[in-house]
Amino acid sequence: MGIVARIGLVLLGIFIALGYKAYEQLSVTPRLPNNIEFFEYWGPEGGDPYGDSLEIVPFNISYPPEVIERLRKQLHDAPSLTAPLEETAFQYGFNSERLNEIVQYWRTDYLDRWDERQAYLNRFTHFKTKIQGLDIHFIRDKLESVRNPKRIVPLLLLHGWPGSVREFYDIIPMLSNRTSDKEYVFDVIVPSLPGYGWSEGSSKPGLSTSKVAVIMKNLMARLGYRSFYIQGGDWGAIIGNLMAILFEKDILGVHLNMCMGSGSPLTMGKMVISSLAPSYFIEKQHIDFYHPTWPKIVELILEGGYLHLQATKPDTIGTALQNNPIGLAAYILEKFSTWTNPANRNLQDGGLEQHYSLDALLDNVMIYYLTDSITTSQRLYAESFSTDELGKEYENIPTNVPAACAKFRHELFQYPDWILKEHFTNLMQSNHYNDGGHFAAMQLPEVLYKDIVQFVNRLYVR
């Protein structure tokens with residue numbers, strides 16, 4: 001054998017050895033923590049981390065007339081908005097002409113009926129309880145006439161940003177009432193995430209999604225449930241996924257409308273391979289949910305500016321929005337336009353009222369305004385994208401909890417099932433819908449309801 005051939009064999013051997021070593025490193029599954037801190041304290045300095053009252057207190061949404069009149073004055077006295085560029089709709093952000101129309105409606109018709117809107121927000125029973133030093137707000141809707149515990153299924157509904165518990169108002173009664181398509185009723189628990197709405201924000205750094213997952217587990221324990229189902233989108237999907245990882249033995253099932261696969265390099269590599277020959281991996285009728293890849297990446301870049309701001313400087317953008325109702329409305333409602341369907345950027349009205357009423361949209365904005373929670377809500381991004389949190393790599397740990405994914409056409413991003421099954425090793429249901437976007441519970445509550453029931457029916461044992 002010649003010298004060149006020998007050198008070639010040596011180099012090949014080295015390449016194979018290095019490649020195998022790299023594969024081993026990329027294939028390593030991160031480990032769960034040995035001890036989860038169930039009593040980690042997030043409240044004000046000087047508080048007792050073991051001093052939480054077990055009391056669950058009824059809560060009523062109530063704001064005096066002077067608060068509403070102050071808002072009306074702010075909306076009336078606001079300076080004129082800069083006119084949009086000629087022949088543009090929402091391509092540069094929220095169209096100021098459309099925003100003026102919404103502000104006019106908000107200032108007059110909506111606020112004139114505030115007592116009615118406040119009563120609507122109180123249509124379900126609200127509570128507060130102290131968890132790990134924080135006042136946690138939640139809605140609970142349970143049909144008291146159902147006494148048999150086997151016919152009551154606990155379900156934790158988790159919202160995201162820039163949503164709130166208001167997203168679930170149409171779907172809650174469908175879940176909690178008797179219907180012909182299920183032999184049970186749900187005990188529906190809908191918390192405001194810490195720092196959102198009427199739930200208190202953390203007083204110290206570090207309250208990331210994995211820490212919120214622990215708070216939500218403690219809330220359900222406070223309500224008497226060790227085992228339960230979870231449904232969520234946006235942050236709710238991420239927190240629900242983390243709960244399925246951290247508390248695998250206790251979660252009966254996890255239903256998500258923003259399913260995410262592992263973030264490992266191997267998964268990313270498989271996504272690339274899938275994009276080269278999608279028909280080998282994905283059913284033909286569903287290929288365009290995932291491919292072509294590049295336009296979907298461009299869309300994420302177009303819509304991702306908020307994420308970088310909130311993951312790096314949440315307090316700066318929060319300062320610009322707090323006590324600034326028109327800016328707050330523009331910032332939040334723009335997401336309900338383009339995240340529902342990116343084609344809405346080309347519509348003069350942003351397509352908002354194709355799927356939502358202005359009352360519903362403004363209810364959600366009012367929750368952020370009245371609770372001054374825009375800054376604290378955005379801090380979840382900074383904490384969850386911190387080096388400490390990302391270093392845990394929890395999302396790369398598979399979970400065997402029964403899982404279901406509802407995939408709506410215009411969701412911000414999608415993972416194909418063959419990749420999701422690496423993470424959700426017991427993926428029992430995956431349905432594709434040709435309509436719908438990021439806020440499925442608010443946009444298409446009946447569709448999401450049926451998808452949840454289809455999943456739970458697979459698992460329910462009388």
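Backbone N, Cα and C atoms are what each Cβ position is placed from, and that goes for glycine too.
Some features that TrEMBL has for this protein:
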type: ACT_SITE; residues: D234; note: active site, nucleophile
type: ACT_SITE; residues: Y381; note: active site, proton donor
type: ACT_SITE; residues: H438; note: active site, proton acceptor
type: DOMAIN; residues: 57-168; note: domain 'Epoxide hydrolase N-terminal'
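Features recorded in TrEMBL, as mapped to the structure shown.
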| residue | record | CB count, 10 Å |
| --- | --- | --- |
| D234 | active site, nucleophile | 23 |
| Y381 | active site, proton donor | 22 |
| H438 | active site, proton acceptor | 23 |
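Each residue in the domain 'Epoxide hydrolase N-terminal' (57-168) has a pLDDT score, and their mean in this model is 96.
Note: the CA-CA distance between Y381 (active site, proton donor) and D234 (active site, nucleophile) rounds to 12 Å. In this structure the C-alpha atoms belonging to the residue listed as 'active site, proton acceptor' and the residue listed as 'active site, nucleophile' are separated by 8 Å.
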